[in-house]
Amino acid sequence: MANYFNTLPLRLQLEQLGVCEFMEQSEFADGISALAGKKVVIVGCGAQGLNQGLNMRDSGLDISYALRADAIAEKRASYKNATENGFKVGTYEELIPTADLVCNLTPDKQHTSVVNAIMPLMKQGSTLAYSHGFNIVEEGMQIRKDITVIMCAPKCPGSEVREEYKRGFGVPTLIAVHPENDPNGFGLDQAKAYAVATGGHKAGVLRSSFVAEVKSDLMGEQTILCGLLQTGSILCFDKMVEKGIDAAYASKLIQYGWETITEALKHGGITNMMDRLNNPSKIEAYELAEELKDIMRPLFQKHQDDIISGEFSRTMMIDWANDDVNLLKWRAATGETNFEKTAPQEAPISEQEYFDNGVLMIAMVKAGVELAFETMTEAGIIEESAYYESLHELPLIANTIARKKLFEMNRVISDTAEYGCYLFDHACKPLLTEFMKKVETNIIGKPFSTSNGVDNTVLIAVNKEIRQHPIEEVGAWLRESMTAMKKIG
């Protein structure tokens with residue numbers, strides 16, 4: 001199979017990269033009707049599979065799970081996930097032939113073998129759904145022409161899909177129809193119904209393309225969403241301990257600090273996050289972020305270039321073929337870092353203290369979010385899509401670190417995201433060596449300033465720069481659509 005994106009002429013590459021339309025609430029007035037009464041069979045019952053299925057069932061759809069015969073016979077985790085939640089479970093041969101919609105929610109590396117196994121069993125005119133377009137775009141999977149191919153891609157880990165739904169909300173979602181597979185023209189209606197069933201319509205839905213989703217998703221998760229959180233966690237922890245700050249305090253400040261900081265980001269963008277600092281700290285965080293952007297920009301651009309060209313996917317698929325030798329080695333090494341092995345203190349840290357004593361973390365978030373956004377839009381990805389793949393998804397990933405540190409983040413995200421995260425981390429830490437040598441505890445571990453005195457002209461200029469960044473402008477109106485947004489409880 002050939003990389004689908006690379007087979008397209010430049011004109012179509014740019015056209016598909018640029019597909020991005022924010023959908024109005026009125027476009028979801030039909031609810032789940034396009035899928036009502038149809039048999040929906042989910043293949044795979046991991047984090048995305050189980051949690052999407054729970055939401056879809058609660059929304060009124062007929063959901064069952066098709067698993068490999070050996071997974072059923074051996075009562076593996078996927079079988080237990082489905083049966084313990086009261087779902088019907090059967091083999092591919094038992095359930096796929098009568099399915100109207102088959103949702104392939106297995107890990108990326110299994111997609112080719114899974115689709116090759118289920119496609120001969122799918123009935124004429126049925127629909128195949130993905131939540132990530134890697135198999136179509138990067139592997140070039142060819143789907144039978146009578147089958148409609150759609151995507152409904154929640155922009156967060158599977159566990160958060162369920163938690164946001166239970167809170168009466170949802171997570172931002174991209175939907176798409178594969179242009180090579182929409183024989184009856186009902187793909188978009190089904191994709192919209194899918195988004196309603198998972199709750200995504202309450203948080204904002206972008207009509208995208210398989211190409212735009214893949215290229216932006218890979219970029220976001222490798223850089224700001226996972227890669228920089230890993231790099232920042234390790235470097236900030238080691239620096240605090242080196243400078244004499246109690247390791248248990250440092251561990252807690254970082255483990256729970258990302259979540260606290262990015263919750264402010266979620267509700268009011270970079271502006272709100274920066275406004276949580278006193279004026280001297282805000283100016284310092286701004287200047288640090290500018291320096292970090294200069295240092296890291298070539299690395300962000302390299303990741304985007306390798307994603308667009310297919311080089312990242314090619315390299316990762318070689319590791320798949322080698323039984324994930326690099327992925328597993330890097331995962332084990334992460335588990336041995338001092339940050340991962342140091343338990344956080346039990347004493348509480350106040351919400352404001354996470355901001356006051358985490359100026360460098362805030363600077364890293366600002367730099368990473370803006371760089372990811374800028375690099376994606378320079379590559380032809382539309383601003384709304386770049387916003388969701390950088391700023392908005394970040395609090396959801398930070399929440400996984402709050403639960404069980406980097407182990408939990410890397411467990412919950414896909415293997416594809418995890419592999420890209422390690423590539424970024426391994427390149428970023430050496431890049432920041434000289435920068436980190438200058439870091440003192442006044443920007444990580446202790447307050448930067450107890451006074452609030454600043455030069456008014458400098459403060460006005462900094463505030464203007466923060467507020468006028470394009471991600472702040474697009475983010476402001478996207479957040480207006482999230483009327484049901486609630487605080488993380």
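Positions of Cβ are set from backbone N, Cα and C atoms, glycine also.
Swiss-Prot lists His132 with the feature active site, giving sequence analysis as the kind of evidence. Positions annotated as NADP(+) binding site by Swiss-Prot: Cys45, Gly46, Ala47, Gln48, Arg68, Arg76, Ser78, Asp108, Lys109, Gln110, Gly158. Swiss-Prot lists Asp217, Glu221 with the feature Mg(2+) 1 binding site, giving sequence analysis as the kind of evidence. Positions annotated as Mg(2+) 2 binding site by Swiss-Prot: Asp217, Glu389, Glu393. Marked as substrate binding site by Swiss-Prot on the basis of sequence analysis: Ser414. Swiss-Prot lists 17-208 with the feature domain 'KARI N-terminal Rossmann'. The domain 'KARI C-terminal knotted 1' annotation in Swiss-Prot covers 209-344 and is backed by sequence analysis. The domain 'KARI C-terminal knotted 2' annotation in Swiss-Prot covers 345-485.
Structure coloured by features recorded in Swiss-Prot.
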residue	record	Cβ contacts under 8 Å, 6 or more apart
Cys45	NADP(+) binding site	Gly53, Tyr65, Leu67, Ala77, Ser78, Tyr79, Asn81, Ala82, Leu105
Ala47	NADP(+) binding site	Pro157, Gly158, Ser159, Val412
Arg68	NADP(+) binding site	Thr91, Tyr92
Lys109	NADP(+) binding site	Trp320, Asp415, Thr416
His132	active site	Asp108, Met151, Ala153, Glu213, Val214, Asp217, Ser414, Thr416
Glu221	Mg(2+) 1 binding site	Gly227, Glu389, Ile413, Ser414, Thr416, Ala417, Gly420, Cys421
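Excluding Asp217, Glu389, Glu393, which define the Mg(2+) 2 site, the same chain contributes Lys155, Ser216, Met219, Gly220, Glu221, Leu225, Tyr388, Ser390 within 8 Å (Cβ to the Cβ centroid), listed in sequence order. Within the same chain, residues at least 6 positions away in sequence whose Cβ sits under 8 Å from that of Glu393 (Mg(2+) 2 binding site) are Lys155, Cys156, Pro172, Gly220, Leu225. Counting every protein chain shown, the number of other Cβ atoms lying within 10 Å of the Cβ of Ser78 (NADP(+) binding site) is 21. A sphere of 10 angstroms centred on the C-beta of Asp217 (Mg(2+) 1 binding site) encloses 26 other C-beta atoms. DSSP labels the residues of the domain 'KARI C-terminal knotted 1' (209-344) in these numbers: 118 helix, 0 strand, 18 coil. For the binding-site residues given as Gly158, Glu389, the lowest number of other CB atoms within 10 Å of the residue's CB is seen at Gly158.
Within 10 Å of the C-beta of Ser414 (substrate binding site) we count 23 further C-beta atoms, all protein chains included. If you take every residue in the domain 'KARI C-terminal knotted 1' (209-344) and average the pLDDT, you get 97.
Site extent for NADP(+): among the recorded binding residues Cys45, Gly46, Ala47, Gln48, Arg68, Arg76, Ser78, Asp108, Lys109, Gln110, Gly158, the largest C-alpha separation is 21 Å.
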